[in-house]
Amino acid sequence: MPRTDNDSWTITESVGATALGVAAARAAETESENPLIEDPFARVFVDAAGDGMWSMFANPALLAGAPEIESQVGARVRQMIDFMATRTAFFDEFFLGAADAGVRQVVILASGLDSRAWRLPWPDGTVVYELDQPRVLEFKSATLRQHGARPTAQLMNIPIDLRQDWPAALLDSGFDASKPTAWSAEGLVRYLPARAQDLLFERIDTLSPAGSWLATNVPQGGFLDPDLVRRQHEEMQRMRAAAGRLVEIQMPAVEDLWYAEERTPVADWLGEHGWRASATTSAELLTRYGRPVPDDAEGPVPPTLFVSAHRPAA
């Protein structure tokens, strides 16, 4: 179902369901022979949610038991898991680097089923603020509580839609705009209209003193090329059909949740506003972590740039 200005969702529908897909990929990677990342809570989330398209990523045995489906989408599922594993590692290393530099205030925007507040070794005194839709945060908190999980930092949940005045909610929850902050906007930008993307980074910039850090992933140049869009749409249709045959559930069209609009280049914008920013392509990131780079542009993941930035002292 296409997006609307005031849409909302639970964890198993619309944008919320994409968080389960990411968690499923993290679960599969964690349980693989040589995992790049370790997320002990990813499987907990997936099991609590029940069956859905995410089952195809979280349970490789499903594909192994259906050779005709595995032959159609098995390689693409592996590509998605590799992408999510490297994406997770990128943001993990970003946060650990910021912590090593002395940052003790962290904001995870559109946190979804991000479990870093529970699994990363945060230094004493670290406060992690998580912002997302109320029902998404409720699902995550309840699921982790039922499994006896304890945060490894002071955790502040802020249930809010990022299209609303989230800076005010953040400040009301104790956020200190005078302290350096590590910000992440992981897997978020594609789900925002172009103007909302601009506003997001304007707000982050306003709340970030010298010493702050920022990481995000954004669409790569050329992502609106009509041939590329058509091929990726066809590939996603094949994957949805395969998942539907495996779990007998109608799958949402994830690409309908994205806003296909021309966007401000984030790394350039940050550089113009006093940040030192660098960008890495998804292909470069896969190579860095020793994962194969797909030899075509028809995979399930559109071309992506990973941006990291630091605001130095004036």
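Cβ atoms are placed via backbone N, Cα and C, with glycine included.
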Same S-adenosyl-L-methionine site per Swiss-Prot - residue from ASP132, ASP172, ASP176 joining ASP161, LEU162: ASP132
Which range of 267-290, 291-314 is region 'Disordered', per Swiss-Prot: 291-314
ASP132, ASP161, LEU162 excluded, remaining Cβ within 8 Å of their centroid (S-adenosyl-L-methionine): LEU109, ALA110, LEU131, GLN133, ILE160, ARG163, GLN164, TRP166
Residues satisfying Cβ distance under 8 Å from LEU162 (S-adenosyl-L-methionine binding site), sequence separation of at least 6: LEU109, ALA110, LEU131, ASP132, LEU188, LEU192, ALA196, LEU200
Sparsest Cβ surroundings (other CB atoms within 10 Å) among the binding-site residues ASP132, ASP161: ASP161
Residues ASP132, ASP161, LEU162 [recorded S-adenosyl-L-methionine binders]: greatest CA to CA distance in Å: 7
